[in-house]
Amino acid sequence: MKSGIHPDYVETTVLCGCGASFTTRSTKKSGNITVEVCSQCHPFYTGKQKILDSGGRVARFEKRYGKRSK
């Protein structure tokens, strides 16, 4: 690597909105990163994920106008 052109790579504490924190390394100068969700509180990782019905609009259209026959 070329010397003098790369930012310092320091230990950084990541603070989550749920209160969890962990240490990693980053080039951010303040040494602290604040995030809204982490792996301890994100619904995908905690198993509290909601399944959304994405077919609602299509079903409503088919109900109004009927299915298209080929």
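Note: Cβ is positioned from N, Cα and C throughout, glycine not excepted.
Listed in Swiss-Prot:
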type	residues	note
BINDING	Cys16, Cys18, Cys38, Cys41	Zn(2+) binding site
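In the three-state DSSP scheme, Cys41 (Zn(2+) binding site) is classed as coil. Those residues of the chain, other than Cys16, Cys18, Cys38, Cys41, with a C-beta within 8 angstroms of the mean position of the Zn(2+) site C-beta atoms are Gly17, Gly19, Ala20, Val35, Glu36, Val37, Ser39, Gln40, His42. The Cβ neighbour count for Cys41 (Zn(2+) binding site), using a 10 Å radius and every protein chain shown, is 16.
Other Cβ atoms within 10 Å of the Cβ of Cys38 (Zn(2+) binding site) number 17 in total over all chains. According to DSSP, Cys18 (Zn(2+) binding site) is assigned to coil rather than to any helix or strand.
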